[in-house]
């Protein structure tokens, strides 16, 4: 039975970190019984004005339900669709879908903590935080690439690469 069980998704996690959010992901790494079932879930806790930074899931779409607070959410469609930005403000009980592989985020726009639950169509959806991946790569990406690709100066790239990028995922 323990291969099909997880306890504690009802427990708020600390959002006292650089981004003001914490994700409690429950996937095949925590519940081995999820293997081959194609589902997983996560709880996201947000401090007031906390953000779940721009990220993507390489193996899954996501549906997010706001449970408490007010969240500004959005994603960017692929280049072939004009990089169109899709966004909405969610209140408790509202759902929003993030398509597979799209860069998306959530921001608590309220003065009180917020909570959301996400469901994924994969037992291991993957999680890539864009800023962490690009500016926190190990070893670092050659600054010449980032200067040209993002039209930044060397000083800005050096600063961004020197930051300790925070992972808000358990």
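Backbone N, Cα and C define each Cβ position, glycine as well.
What TrEMBL records for 7-158 is domain 'Cupin type-1'. What TrEMBL lists as oxalate binding site is 52, 57, 62. Annotated Mn(2+) binding site per TrEMBL: 55, 57, 62, 104, in sequence order.
Taking the features listed in TrEMBL, we show where each one sits on the structure.
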residue	record	Cβ contacts under 8 Å, 6 or more apart
52	oxalate binding site	19, 21, 23, 44, 46, 105, 106, 107, 168
55	Mn(2+) binding site	103, 104, 105, 127, 128, 129, 130
57	oxalate binding site	98, 100, 101, 120, 122, 125, 126, 127, 128
62	oxalate binding site	97, 98, 104, 118, 119, 120, 125
Taking all residues of the domain 'Cupin type-1' (7-158) together, what is their mean pLDDT?
96
